[in-house]
Amino acid sequence: MPVATPVVSNETALSLPSPSLAMPLSSYHKLPSSSIFTPNPTPPLLYASPISLSPKRLPILLLGLFPYLSCPRPSPATHLVSNIVVNFSGEGNRSSILKDKVKIQLRSHNFVYICLRISVMQRVGSAGNTSNSVRPRKEKKLTYVLNGADDTKHCAGINCLSLLKSLGPDECDYLFTGSRDGTLKRWALDEDAAACSSTFESHVDWVNDAVITGGNTLISCSSDTTVKAWNCLSDGTCIRTFRQHSDYVTCLAAAENNSKIVASGGLGGEVFIWDLEAALAPLSKSNDAAEDDCSNIVNSLESSLPNTSLRPISLSNNISQNATQSQGYVPSAAKGHKESVYALSVNDQGTLLVSGGTEKVVRVWDPRTGSKTMKLRGHTDNIRALQLDSTGRFCLSGSSDSMIRLWDLGQQRCVHSYAVHTDSVWALASSPTFSHVYSGGRDLSLYLTDLSTRESVLLCTEEHPILQLALHDDGIWVATSDSSVHRWPAEPHNPLKVFQKGGSFLAGNLSFSRARVSLEGSTPVPVYREPSLSIPGIPGIVQHEILNNRRHVLTKDTTGSVKLWEITRGVVIENYGEVSFEQKKEELFEMVSIPSWYSVDSRLGSLSVHLETPQCFSAEMYSADLNIAGKPEDDKVNLARETLKGLLAHWLAKRKQRFGSQASSNGGIPSGKDVSTRTISLSRVEVDGNAENDTAVHPPFEFSASSPPSVITEGSQGGPWRKKITDLDGTEDEKDFPWWVIDCALNNRLPPRENTKCSFYLHPCEGSTILFLTPGKLSAPRILRIHKVVNYVIEKMVLDKPLDSVNVDETFAPGMPGGQIPTPVGDGSLRSGLKPWQNIKPSVEILCNNQILPPDMSLATVRTYIWKKPEDLVLNYRVLQGR
């Protein structure tokens, strides 16, 4: 095989060789058994002789080559190419190329290994499956978060605080709070009040820390692994997202007098140092050009693909993120942590950085170079809080070992230890002169300690663990795991005033000394018992239960209040107050069986409803059961489809205003790049026949405009995002939404779903003289009511010549040999001579396991609660005596 002649070291990437790479596939038998790919025994000839091949045509050649290559070993072979990991696992597995570029790499002995920058769908061959079935990748989901009635308040614990001082006498100070509900809020502060002036919503998980730098730039980090930049005084629009971390980002640090330096650390053991001036530089248009080039290659590849049911997958998110993230800007990495990082601090000039975490050591770095200068040992547990003085000479650390330590970085040693707390220390704040430290933590207590005299005083106690502190004028803001924030008197400029109030004690230097004092009953009395100002939150949800009707969720919040939510409208329909959650759940039990079409969690303090395809489209109900007027009795409603219509009603209206009828007439996406249309048109879908382009949102699926839910989802580019449904502007497309959401919203099409039918036998009761009306197996929708079965039996008995196949619900028909369902006969209704079931007293009863079934019970409910067997359902019928 013609390749470059010099032997190169492993993993060395080469440019494409200049004769040709085309060759007979049979030549691949010459590759050794250790090669990554091994051909089938008798591959056909792709090219009989070498031909001239340009680099752009190389992927097309490999499209023909790849189906005959497979992984020779059962263990996974994983290759990392340009941040894209592709796994080929399992002996005999075959993969189908979907698209993207191809690289040729050499390893030792000049054998060629083909590494593909692609997204793949594996064809899995197993002993019980001779045909190669397609196992698709898991599709991206859509989540909507149900916000409370008062969206100006947090509904979960406050993880971080940051203050922005006013620039003039006529302006107010601002307090920024970051919460476990995934949002940040800006509060305008007055003497005795605080008002929410903006909500910053883009993170999709807990906000863990936030700092202000440069006077007007807010930097936040989150458990969604991102760092985001915001304009402090904006309406809450995120200006840049950085996705450098591999795990939760837990902490940030900013230099007060150097607005360029910000550091971030997380659970992945990474510490990154960001040059904000470079990171926030305007994006150039070169990235768009690169994206266009990739798209052209993708289109050429797709045109050469055979006509299959595989849906092309868009360019990898990692590629687009790296391409659009600050023109490829990569922060400096402070390498050295082997475990999670929980605390960072930087001096005012940005010349010194300290970090701590589960390794129990304080590491000191030079942020200008990322080099480590020293390591300080002394703590015996996780380091949770760090505080540097303005010069960088002294450092305070708080740990889960309940100790506070003062370090002299010049001497590289601990000069004082303070045993003040009885449990983990999670938050520190030093006075402006670094003479006193305020500390809080898991023991709910806020202490003030004199660093020189070791004298301590209990300032106040909270009802929840203290997570962060922020000094402000003559007070201190305290954030806890509760959704409220309190400001307490603190006198940071003259701490001696606090000590003069009495109640001080001398801090020990061993962690057990403070705990022993607590056990002896000499717990200090707090100086202050009430905060000077409070910013209330709303109670967060701590317990939830999805009810059997799959439309209602019962919740319990931190105050013990139990509420009933309607998921399809996002509102509370009943507030039961402080009652027993378990008892109320039993009271609300309904004997009804509806497929589980969504999942719920309360991680953000509110209900987050997750929709995943195709499972979410498995639940249907009759319009009559949903009180939807103007619909036929047998009209069925897909719950997920109607919920998506309600969620995206504002988006669809904005889209129609922006693009006109073209936006929804044929599913076209009139954006700059017509990617969505291509993807949707090639996807495997089935049109919802009942939809008939019905874009109206029915009342059971109308979401509140006053407290709209927020959507959390992810498209083909840019990573996950969060936004209120009323803030969608109509420009979002497949780059922002999952393809199946776009397809459902614009085209009324649903992806392939699991079988929604229920098979059953219909026999006369034992001892009855009635003949078998339908000796074969019947099949009907799972939601079919028993009264339809009654009507079917009546019609079979009443008609002079019973039909071979009667369709009472468009799909209810006797089964034929082999399990085939015949084509329905008739117009889908009973003969005109029969009255509806509500207007006649049925002379037939349907039984299951000798139990009479109510007419309004569905087949699915009968199977779940009465039949209770894995075999096909068996129903019995009998004629009532005297009727």
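Each Cβ is built from the backbone N, Cα and C atoms, and glycine gets one as well.
Matching 281-314, 349-382, 689-722 against TrEMBL, the residues noted as region 'Disordered' span 689-722. DSSP places the residues of the compositional bias 'Low complexity' (699-710) in helix, strand and coil in these numbers: 3 helix, 1 strand, 8 coil. Within the chain, the repeat 'WD' (242-277) has long-range Cβ neighbours (under 8 A, six or more residues past its boundaries) at 205, 208-215, 217, 219-223, 225-229, 321, 325-326, 329-350, 353, 355, 357, 365, 367, 370, 390, 719.
Helix, strand and coil counts under DSSP for the repeat 'WD' (334-375) come to 0 helix, 22 strand, 20 coil.
Sorting the repeat 'WD' (376-417) by DSSP state (H, G, I as helix; E, B as strand; all else coil) yields 0 helix, 24 strand, 18 coil.
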